[in-house]
């Protein structure tokens, strides 16, 4: 029921937000608009005054931009701001002259009518620099079959630009330093291109930047020492970045999400990370982190998801009080991190915890008896460790979690004969847990009960996905409902 209650609350939030935010469209408040512009952005406009018109040079620029994307039909529109086609937003000035403030290209979803791009011949037109009032520019899956570099002239779009989204366009080469000239940028999204080279140091000029997504590229070098006080979202996952997590990152006190997963980041997690008291998601999975388990994590009292999977150089124990202050933690993924020692009893006192993955480590000792009374967990993975002793779970816990309770490949685990768990463990398992010897509390030489973990043919159960990427894990489904729409949700935040 807790799972359905969580999704119910998410859908309530989305039902409130969705009328206010169109996919990949920024509605800027009057307070941030240039003084020469009045009212709000409009997709087309009603002619209440026959003198209303689009600024002629901007109209010609839009024609050029549309032709560059294969949309030659736009030249037949007598006035681009009153053409009533999605993908363009305009705003009037005090002389009733309309200016283009937003352009969007690419099919975001089945119900989005933004102009598509001709994949064979589309390119980014330099006429964009003639749109002096442009606040938002979106290109989504427009240029994949005609790979090219990000044009340096985009850095001349001026101080009005607040949102630049160039997702999945197959851009090659380095990120141009000139983008750092867009000093009023709030959202920069270059997700899933083929960019290489280092992250430009000029990005430190983005004093008002709130969301930076460079994920899914081939960027190299170290993570710059960003000091961006307004930054809420930092997503650099799936690159080739090296070096440590920069300590200056903790100066970005507005961070809600940090995803540095699937890079080659080394060294310890900075102790100063406890300054990020608004952080909700921290994903450092599949890097080369080392050092002791950071005690400073307990200061992240807003944290809801912590993923450190696949950092095999940790080789450390988990301190008993490591998660003391994480009262909001819902998802904890520490799989395959070479963690040693026993399972901390304090994990059972995290009352918000729903998903716990500790599989593939070197954990020893018994599963703490305190897990017997844990009612809030919906997914627990302890498989592939060296745990011993009786399984402490109550019958209803085993039934409730079913295949999401994984204990296989712990040769020392056993089930007490009087525990009434024999039929609670499913028959489709692929591994077994033996009955306990009454005298030693260790597995008896004979007699087994099946344990639910994976199907008999070795495949994962129906509906499950192997956690080859932490962000796709079953457990992460709780937060994915929020963060899958987060790129749109953040646009609402920056407009408030």
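Positions of Cβ are set from backbone N, Cα and C atoms, glycine also.
Range 438-464 is the one annotated as region 'Disordered', of 438-464, 465-491 (source: Swiss-Prot). Remote same-chain partners of the repeat 'LRR 4' (229-252), defined as residues 6 or more beyond its termini with a Cβ less than 8 Å from a stretch Cβ, comprise 186, 191, 199, 207-223, 258-270, 272-273, 275-276, 283-284, 289, 471, 486, 490, 493.
Close to residue 196 (N-linked glycosylation site) in the fold, though at least 6 residues off in sequence, lie 172, 173, 174, 217, 218, 219, 220, each with a CB less than 8 Å from its CB.
Counting only same-chain residues 6+ beyond the ends of the repeat 'LRR 2' (183-208), those with a CB under 8 A from a CB of the stretch are 26, 147, 150, 159-177, 214-230, 235-236, 241, 487, 490-491, 494.
Of the listed glycosylation sites 181, 362, the Cβ environment within 10 Å is emptiest of other Cβ atoms at 362. Residues 24, 26, 28, 32, 34, 101, 129, 132-152, 188-206, 214, 219, 491, 494 of the same chain lie 6+ residues outside the repeat 'LRR 1' (158-182) yet bring a C-beta within less than 8 angstroms of a C-beta in it. Rounded to a whole number, the distance between the Cα atoms of residue 362 (N-linked glycosylation site) and residue 181 (N-linked glycosylation site) is 50 Å. Proximity of distant same-chain residues to the repeat 'LRR 6' (277-300), defined by a Cβ-Cβ separation under 8 Å and at least 6 residues beyond the stretch ends, is recorded for 237, 245, 253-271, 306-311, 313-319, 321-326, 333, 339, 469-471, 479, 483. The secondary structure of residue 196 (N-linked glycosylation site), as reduced to three states from DSSP, is extended strand.
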